[in-house]
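Feature annotations, reproduced from Swiss-Prot:
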- CYS46-CYS59: disulfide bond (DISULFID)
- CYS54-CYS70: disulfide bond (DISULFID)
- CYS72-CYS81: disulfide bond (DISULFID)
- 42-82: domain 'EGF-like' (DOMAIN)
- ASN25: N-linked glycosylation site (CARBOHYD)
- CYS152: S-palmitoyl cysteine (LIPID)
- CYS153: S-palmitoyl cysteine (LIPID)
- 1-23: signal peptide (SIGNAL)
- 24-97: topological domain 'Extracellular' (TOPO_DOM)
- 124-159: topological domain 'Cytoplasmic' (TOPO_DOM)
- 98-123: transmembrane segment (TRANSMEM)
Amino acid sequence: MVPAAGQLALLALGILVAVCQALENSTSPLSDSPVAAAVVSHFNKCPDSHTQYCFHGTCRFLVQEEKPACVCHSGYVGVRCEHADLLAVVAASQKKQAITALVVVSIVALAVLIITCVLIHCCQVRKHCEWCRALVCRHEKPSALLKGRTACCHSETVV
């Protein structure tokens, strides 16, 4: 005999009620202590047999699956951290290259600034320096000498 649709619906409803009652909270005491459940971790240390399991990472033992897993170091991917992550390597390389370029440019700019300050100081305050005179007086126009003015270098005046 084939049951009617109403009977099937009642049967399904009965099963659903039975499952809900089974899953419902009860006032019976817990069999395990709640502290022990909170302390249990999903990972344990890998046994000695798996110390070399991960190529570029740290080994952890999955408690539920009872097998080792790897936490890869930066720049490596794969189940056992066996593959280099090229995108991470390129990004790190570009960052290092940019920092190196910035340091080099800063050092060169600082050196140019220091040399410029020394030259200005020497040529403004101490025009009697031999190398300053050679640098400054070399570019002096003879028109200043012809008009009877004092030249940039103290030793050259027109009478």
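Think of each number as a place in line: the chain as shown, counted from 1.
Note that Cβ sites are derived from N, Cα and C of the backbone, with glycine treated the same way.
The model shown is predicted, which means the values in this text are computed figures rather than measured ones.
Positions of Swiss-Prot features highlighted on the structure.
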residue	record	Cβ neighbours (10 Å)
CYS46	disulfide bond	18
CYS54	disulfide bond	23
CYS59	disulfide bond	19
CYS70	disulfide bond	22
CYS72	disulfide bond	19
CYS81	disulfide bond	21
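For the disulfide-bonded residues CYS46, CYS54, CYS70, a Cα to Cα distance of within 10 angstroms from CYS81 (disulfide bond) holds for CYS54, CYS70.
A separation of roughly 15 Å, to the nearest angstrom, links the Cα atoms of CYS46 (disulfide bond) and CYS72 (disulfide bond).
In the three-state DSSP assignment, the secondary structure recorded for CYS46 (disulfide bond) is coil.
CYS59 (disulfide bond) is 5 Å away from CYS70 (disulfide bond) when you measure Cα to Cα.
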